[in-house]
């Protein structure tokens, strides 16, 4: 019988059946195609292209003319397609019906690969051919001959994708054809030259539309898809994504308008809409039965190719570049070198990681599948080889295995067929469109042999285990030579035999039932929330333990035991810094911690400097955002806890020592208290003890009779005992008497010192008439004693102290003129001057002082002299040492309180209300003048503004700390000077006071206070100077910011005081509340008149 054409056969077949029903394989009559299928499977015949109306009875020889590529490209505009869920577009890879080659001989490169640049067809045996680089990129893959069978596409135990392509010429497909797979069959455009005349026959009625579509014998099935999306970073020459999308949409519209009316009849209900069609899928049948898919939709971006694939948490097997030194460079048509293409390999299935073997394991009987992503930048035309730049004939994908210990030894790869047979895997010819990503998936692969030394030893991996590496290489052919473009090799792989009893399951090896009931044994490391544990148990997150953590501590398991120095542990703990912190969000999400939880702890880098053995490196840590922390440090808090134990022990030792010392101090305190009580009792009985000691000392000493040599004088037996006791009692009595004597002498000495202080001190109290007061007036180099007698005409220079070893110098003066003490202010400008006496009035009432402030407000303050003057009734000679002669006790001033102190406080802010202790100074100390700044300079922390020197211009005398009323009134922001005025000075007048400072200050007059008034003569002028402001007794002339000249008006009173305040520059007055009181210094100048 004549063999019908495929199109005609299919058309007649579907016209005779109801396609609305279920077209099951059992319901299809395939008797019409039996003869055709049986003859087509022969590999020794070739079928030429014939029109659809021509039939032939015998196959044609291989020498028949084949398809010419030029004819296909010249008529590409007449493309026709059916609505099968996909459309053609610009640059789409189109299928070409293979035709016979010039000869049936094998190609020069592999035995089954024909790469001829001038031939656009596949050999009859169905091996891949090389694509011409001229014109539109075209993929053409033939169908390999298979014997008829009834096996399904995939083995039942395989999860791989269907191996057999959905072709019309596939006998198995014809038996299992359904309307669903028919809808996906698109007749590719056949734009060829007319067949030879002897093969032409009558055209069918619709031949006007079918003339370019010859028989579909040996056709390839291709599902058309949308154009692959562009890479994000393919280079500047790549068109933008929006322009590419616009071109794709335009070409889609053109192809839809060019569809021919005469198409295969398909039921409308079985048509798939364009929106329902699967996108991003391109299936091509290769010569050895592998599936080549182009699914760029699975590629997210360029970062996913480079970054996420290197993530250590990636689930699949890892790949690394292989033989990079042998990679060649590609060039475009203008001989410009193209950028390196993007090449990524991914193992979809077939490899499982074995924790016990620490490697990926592949069972030889199971399939493994590999997907390759190739991103081509530009259109390659040439390749640079050691022989020079050669034109590219084709690209192909090659898979093979190599041994890890010898990578030059290749392991062949096999591929399963539909009938479960295995054939060697041959390279896959590829067409790489420019500026696009091509996805190629090859499935049903097996290693041809297994690795060596796979047998386990005692349930553990064999130490002599051998490994394979799977190499996926992209190669290019030029002038019958192959060159490596890119290649990647996998991690080490163990390939095991198919006998499951030969190996134990990984689950059984890792997790086993323990020896005790309800126990499980695991061999290896465990990671919770992490896939790469570096310890026996690694937990990323919090751990909750309701019990206790136990640690080994048996002495029998320890050696080199040494006790630590707790002192060093305390020092290390004191150096550690405790901080509050939050973990970074990217780190917390990686290790399973709460991002907002606040933690308290230490810093590993700081602990590493103090306690290095408590810090350990745990390798690099990759966070969720891709950031890598190199040599991540962890802290052993158990080690720090033991440091705390040692530090606490050291603190306990220190506490015990302190308690011991406190107990000793308490015992000594009790003993001292008892001694004080005994001293007080002895001081009361010191007189009695002295008299007894005197009487005991007056008893005559009884000499013992001399001893006669060689003769013993007998005596009473009890006499020696009595004498021994008497001697002991005498010694004890002498010791007690001596102690009493020392205590009595000390007490008397202290009492005498106090009496002398009262006798020699003058504090400004009233002196009764007829008495003399001994007063010492100091000079810098001389101290002269004077006796001030009230109501007596005796001169000062005639009263001398009796018993002085050095009499005072004699001073000769006129009867009407008497020299005042050296520090007395004498305003007598034209001596001799008249005596102006302002006598002290004896009264029981305290003097009344009227204080004048800068606001002209007056208040009356009642003050009582703190200590009465001492009246010397008898002039008793007394020898005084130099220190005693150099002492001076000046009357205590009645100083007004500063305005910022409390009215009840009678002392300076830094002084205590205690009795002034008489301080001793030597003549050498007195010889050095002390300025008001001597005390403030001693305190470097004092920030007060003060003066450096005070000088009276009338007498050209410096006012120093010797003029202080007491040592406690000069310092800490308060200086009170007591200045005597001679009786020869008038009641009115002025004093010029020069104030100097080391830095600019502001000097303000605060207030004036005066005591009892004197009987002012009528001739005395007004005390106020007309040049001074009204209402004040002072006027100031500022010479410079550091020098001030004040004019003080004398007041007709027994004593009067001027109050000046030194403040920071810019102070408005004494009542300026914006000035800090700790920065001001108050100066009180108290003048009192000498009457007698």
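Positions of Cβ are set from backbone N, Cα and C atoms, glycine also.
When you go through 480, 974 in Swiss-Prot, the residue listed as N-linked glycosylation site is 974. It is 681-714, from the ranges 647-680, 681-714, 715-748, that Swiss-Prot records as region 'Disordered'. The region 'Disordered' annotation in Swiss-Prot falls on one of the ranges 97-120, 121-144, 145-168, namely 145-168. For the ranges 187-210, 211-234, 283-306, the feature annotated in Swiss-Prot as region 'Disordered' maps to 187-210. The range from 798-817, 818-837, 978-997 that Swiss-Prot describes as region 'Disordered' is residues 798-817. Swiss-Prot lists coiled coil for one of the ranges 614-645, 646-677, 870-901, 998-1029, namely 646-677. According to Swiss-Prot, of the residues 7, 941, 941 is the one noted as N-linked glycosylation site.
Of the glycosylation sites 961, 974, 974 has the largest number of other Cβ atoms within 10 Å of its own Cβ.
A C-beta separation below 8 Å, combined with a sequence spacing of at least six in one chain, links residue 996 (N-linked glycosylation site) to 947, 948, 949, 950, 951, 1042, 1043, 1044. Shown for the domain 'Peptidase S74' (553-662): DSSP residue counts in helix, strand and coil, namely 56 helix, 18 strand, 36 coil.
Annotated pair residue 961 (N-linked glycosylation site) and residue 974 (N-linked glycosylation site), C-alpha to C-alpha distance, rounded: 12 Å. In the predicted model, the DNA-binding region (246-507) shows an average pLDDT of 73.
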